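Below is one structure, written out as structure tokens; the observations come after it.
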Amino acid sequence: IFLGVVRINPRFEERQSFVEDPKASKKDRESAAADHANREKSLGHSGVQWTDVQYGTGKLKIGVEYVENRAGKLQIEDFELLKLVGKGSFGKVMQVRKKDTHRIYAVKTIRKAHIISRSEVAHTLAERSVLAQINNPFIVPLKFTFQSPAKLYFVLAFINGGELFHHLQKEQRFDVNRSRFYTAELLCALECLH
């Protein structure tokens, strides 16, 4: 059963649909099409990706119209710092709110001098590369990265609940069922990575 076609446009309020006027001359139609393409380009329109989604006996074709972000480079000033989530040997993780969208994220701040002095540059670049490529429910997704002269910033989805190590330190030990649950989650994440 074919259920239909859906086209998602994230910036529909800024866009106008293009319909050719069949009564116009070929030259006018070509000119109108070129004007429309230029307008689309100026809005940052990058294309449409069509995906077939099948569930049960039905099938739906979804087109996601995506827009290139041309807002410029991100800076830490683009985020409102809300609270400290955790601290590590290389930096800290803060809960933040992105000022333009009001979305909540976690920002991992890494001091460049620290990773250079500990010869961890390759490891840090590999971490960024892997996080940028992974899409798995057991691994916190990387949303953005940027840098300042002194720091690297990894902007990740904010997952409330704290770090596993924090809970283990607090409770000393987990019962068998909880240990199995956490182990299964870790194995699912590792399976995705290898």
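Glycine is no exception: its Cβ is also placed from the backbone N, Cα and C atoms.
Remember, TrEMBL labels are computer predictions, not curated facts.
Quick look at what TrEMBL lists:
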| type | residues | note |
| --- | --- | --- |
| REGION | 18-44 | region 'Disordered' |
| COMPBIAS | 18-43 | compositional bias 'Basic and acidic residues' |
| DOMAIN | 79-194 | domain 'Protein kinase' |
| BINDING | Lys112 | ATP binding site |
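DSSP assigns Lys112 (ATP binding site) to a helix. Across the domain 'Protein kinase' (79-194), DSSP assigns 45 helix, 38 strand, 33 coil.
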